[in-house]
Amino acid sequence: MSSGLDLELSFSQSLQGLGLSPQMAHLIWLPLPMLLVLTAAMVGVLVTVWLERKISAAVQQRIGPEYAGALGVLQPMADGLKLLVKEDVIPVRADGLLFTLGPVLVLVPVILSWLIVPFGQNLLISNVGIGIFLWISLSSIQPIGLLMSGYASNNKYSLLGGLRAAAQSISYEIPLALAVLAVVMMSNSLSTVDIVAQQNGAGLLSWNVWRQPVGFLIFWICALAECERLPFDLPEAEEELVAGYQTEYAGMKFALFYLGSYINLVLSSLLVAVLYLGGWGFPIPVEWLAGWLGQSVDAPLVQVITGSVGIVMTVLKAYLLVFLAILLRWTTPRVRIDQLLDLGWKFLLPIALGNLLITAALKLAFPVAFGG
């Protein structure tokens, strides 16, 4: 069962201890989950954009951002401020309503998906029992926003970019879902908290990446394609489509696409860490750590250390994958659209289906090792 802390219950009890009624405590709590999610997402984007600019500069033997803060750490904030004050332009022949709704439909599902990510053993906003199903459902909304943006712009490059984005997203959504289903089958749960808890038995050796190496690779490749990262950035290929479905956008509407892309990258990396790399789990069993400290596993000192370091472990694993994604972007060439679709439908889909069937067979044959 869930080992995460019910933040709503703890927050409500704290406010009730100050003399507030349960109803008032609940009303105060209502906006806080989204505020926490937005804060975490924005911080993740700022760090990722800074890393992207510095790593790309290192790959190309440049210095990169240097003047906006120490080592250019404030450059992402300067970029965001610039986009914020730019004029919001809607093309004359564009469909204004759809043109405005498109970026919103791209960004909102990605932000909502953060609600199901456990950042640590005692840091979980919403332990939804069907968290994985909710995430897959939300991610299926994004192609609608991309296609809507391309169509509403009344621009041939935008339309082609939107069509490419929708085709790419649909093509890679299916193998990604099949890869996740194999993990769900082993964990006997759709809850992200339960999936992490199932991997914390023997430290590093109990991580799902060892039992699902093929699923791990399929998920990571599909996640890069869903985030439209090189070598899969066909929808916005500058040499072919100017900027794809983003061509006619400026100011904050363009910034919403920018935010959605980077928030999705950080989210995908966090989900890889949760599903395959043990989430907040230590590389060593917690019992060993408690033994070295001369404490029991349930001792307050051990609980504080494991809770604090668990958050760091989750973020560290995620940003290791973010670093890999950034490095791939600046060191690999773009694939053609036919190669991209062939990879999704003719290669990854059959392998993901085979991996799911093999996992089911192994679960029946070796129930202890595969979560029977």
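Using the three backbone atoms N, Cα and C, a Cβ is placed for every residue, glycine included.
Over in Swiss-Prot, the protein carries these features:
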TRANSMEM  27-47  transmembrane segment
TRANSMEM  97-117  transmembrane segment
TRANSMEM  128-148  transmembrane segment
TRANSMEM  166-186  transmembrane segment
TRANSMEM  204-224  transmembrane segment
TRANSMEM  266-286  transmembrane segment
TRANSMEM  308-328  transmembrane segment
TRANSMEM  347-367  transmembrane segment
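Sequence-distant residue pairs (6 or more apart) of the transmembrane segment (347-367) and the transmembrane segment (204-224) include at least 3 whose Cβ atoms are under 8 Å, placing the two stretches in contact. Beyond the transmembrane segment (27-47), the same-chain residues lying 6 or more positions past its ends with a Cβ under 8 Å from any Cβ of the stretch are 8, 11-12, 15, 20, 76-77, 111-112, 114-115, 119, 125-126, 259, 262-263, 266, 319.
Spatially, the transmembrane segment (97-117) is not adjacent to the transmembrane segment (204-224); fewer than three Cβ-Cβ distances between them are under 8 Å for residues at least 6 apart in sequence.
If one looks beyond the transmembrane segment (308-328) by at least 6 residues along the same chain, the residues whose Cβ comes under 8 Å of a Cβ in the stretch are 47-48, 51-52, 55-56, 59, 118-123, 220, 224, 227, 229-231, 265-266, 268-270, 272-274, 277-282.
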